[in-house]
Each structure stands twice: as C-alpha cells, then as structure tokens.
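Annotated features in Swiss-Prot:
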| type | residues | note |
| --- | --- | --- |
| CARBOHYD | Asn29 | N-linked glycosylation site |
| LIPID | Cys315 | S-palmitoyl cysteine |
| TOPO_DOM | 1-37 | topological domain 'Extracellular' |
| TOPO_DOM | 64-72 | topological domain 'Cytoplasmic' |
| TOPO_DOM | 94-118 | topological domain 'Extracellular' |
| TOPO_DOM | 141-163 | topological domain 'Cytoplasmic' |
| TOPO_DOM | 184-191 | topological domain 'Extracellular' |
| TOPO_DOM | 212-240 | topological domain 'Cytoplasmic' |
| TOPO_DOM | 267-279 | topological domain 'Extracellular' |
| TOPO_DOM | 301-317 | topological domain 'Cytoplasmic' |
| TRANSMEM | 38-63 | transmembrane segment |
| TRANSMEM | 73-93 | transmembrane segment |
| TRANSMEM | 119-140 | transmembrane segment |
| TRANSMEM | 164-183 | transmembrane segment |
| TRANSMEM | 192-211 | transmembrane segment |
| TRANSMEM | 241-266 | transmembrane segment |
| TRANSMEM | 280-300 | transmembrane segment |
Amino acid sequence: MPMQGAQRKLLGSLNSTPTATSNLGLAANHTGAPCLEVSIPDGLFLSLGLVSLVENVLVVAAIAKNRNLHSSMYCFICCLALSDLLVSGSNMLETAVILLLEAGALATRTSAVQRLHNTIDVLTCSSMLCSLCFLGAIAVDRYISIFYALRYHSIVTLPRTQRVIAAIWVASVLSSTLFITYYDHAAVLLCLVVFFLAMLVLMAVLYVHMLARACQHAHGIIRLHKRQSPAHQGFGLRGAATLTILLGIFFLCWGPFFLHLTLVVFCPQHLTCSCIFKNFKVFLTLIICNTIIDPLIYAFRSQELRRTLKEVLLCSW
C-alpha cells in the first residue's frame, strides 16, 4: 500500500504530501515557488516515540508501586503519563505498520488494513484528547490546592477524582470515534481547534492567577520580616519565567498541529497553506516531544516519585 493510502483519516489524511527525501529542503508548490519542507526520518520519529514510551511507563510504574503516591494529584499525573504513552505508542505503531506495508513484509487484505488504521486512528485521537484534558485537570487540581487549601481534601476526594478520570477517558473515546467517523466535516476540525484553545486559555488563566497569589504571599513574608523588595522582585521573575516555560512548551508543541487543522478548514487550496501542510509529520513529532517533556515538568520534580523510580529501576536490574 502506498504511503498516502496508509495515512490515518483524521490526522494523516490531512497531509497528502509524500515523504520528502532530504532532511531539510525546498519543495515546490503548485506554482513552482519554493516551499520549506522539513522531513523527519522514520528512525528519528520511532526513536523519540520509544523514549516517550519508556519514560511514561516508568512514571506509571513508580506511581503504581508507591502507595504514598495514590493521591488525587498523582492519579492525574499517572493518567497524563498513560495518555502520553498511548500517544507515542499509537504513532509508533502506525509508522511501523506503514513501513512494513511499503516493504511488503506485511501482506494483508485492504479491508483488514483499513480496520487496523481505523482502530489506530481512534486510539491516537482519544489519547491526544486525554492528554490535553489531564493537563487541564492538573492545572485545576493545583489551583484548588492553593486557593482552597483548607478544603482541598474535602473537595478533591479520591472517589471524585476517579469519576473525573473515568469521564475523561469515556468522553475522549466517544468523541474521537465521532471525529474519525465524520473527519471530512469542517465542524469536526473546528471542534478540535476550539477544544485546544479552551485548554490553553484555562491553563493560562489558572496558572497566572496562581502566580499572582504566590507573589502576594511572598510579598507578605517579605513585609513581615522587613526584608528588601528586590527579593520579592526576583521571586516574581522566577515565577514568571517558570510560567512562560510551562505554557510556552505546551503552545509550541501542540499549537502547530492545531494550526494545521485550522488551515485545512479555511485555506485547503491556498499555496502558502499547502507549504505548511508538507510539514505535517514535524507537527506530530512536536507532540511526541511534548510527551517526553511532560514527565519532566509534572512527575520527576517530585522527590518521592524520583525515589520510587530509583527503586523500580533497581528492581528491574
């Protein structure tokens, strides 16, 4: 089966451009004008997916092993790692299937291949939606822990957390099934873009509010101890830098993919847009990179989780 015919419906079929032969080159659009096209080698794509897979498996194993990590916050982090694991795993699986089909090593009927790709499509789309949802859930959890600290354990109970997690998984699977079924409708793509923007705005508002509260708290401590104001300014700058990195990574890794979907709706035949479409695999690679970065931001900063992770690694040896 050719490369174009094997690409996924919702995600891959949006980019009908064949894989480039050079790592970085100028491809011509319909008028012959040069387009910047970055080709991601399959080996690099699979390697990044493997790193993400191993990293997130370790996070899930560490949280499952340590009962002290069975709190609501770590449940969300564990589900984020699991969804990131599925994002990288499903993309690796589809890439491997395509390579095997092109090499003739996997000979099967067209109907069976189509069913396989439909299954992978649903898995990929639902895991992406779950990943975005759990990033938002972690932001909400941290917001409640700061602004409702005394009532946190009565608001964010483990049964409620489990119901939220179940609702996210079920809603993501059902939504992705509908998206894959009606992938050729512009409303489907716009719904995905609006969902991404909603998560971005939610995270930005919550984290900015948390930063403002932290700065107020630091300022109060400084006034109590009658220290100089530069310390407060330094804290504010560090907090702003951390917030910029957190939201910046989220936007840079996910934004290009949803920009691609937006352009598919509004300018599918435009020459400039067609140049952007040629870099679809780059956008998927950025999402894989985000699944590698997520554990570094949300999981590995925990001393308890790092200690448990060392135990898991020692046991594996």
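Positions of Cβ are set from backbone N, Cα and C atoms, glycine also.
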Task: Same-chain residues near the topological domain 'Cytoplasmic' (64-72), Cβ under 8 Å, at least 6 residues beyond its ends - done: 78, 141, 156-158, 160-161, 302, 304-305, 308, 311-312
TODO: Select the range from 38-63, 73-93, 164-183, 280-300 that forms the most Cβ-Cβ pairs under 8 Å with the transmembrane segment (119-140).
DONE: 73-93
Open item on the list: At a 10 Å cut-off from the C-beta of Cys315 (S-palmitoyl cysteine), count the other C-beta atoms across all protein chains.
Closed with: 9
Task: Top partner of the transmembrane segment (164-183) among 38-63, 73-93, 192-211, 280-300 - counted as Cβ pairs under 8 Å - done: 73-93
- [ ] Report the DSSP secondary-structure composition of the topological domain 'Cytoplasmic' (301-317) as helix, strand and coil residue counts.
- [x] 14 helix, 0 strand, 3 coil
Open item on the list: Give the nonlocal contacts of the topological domain 'Extracellular' (184-191) in its own chain as ranges (CB under 8 Å, at least six residues past its ends).
Closed with: 10, 178, 261-262, 264-265
Open item on the list: Given a Cβ distance threshold of under 8 angstroms, which distant residues of the chain, six or more beyond its ends, lie next to the topological domain 'Cytoplasmic' (141-163)?
Closed with: 70-73, 75-76, 206, 209-210, 213-214
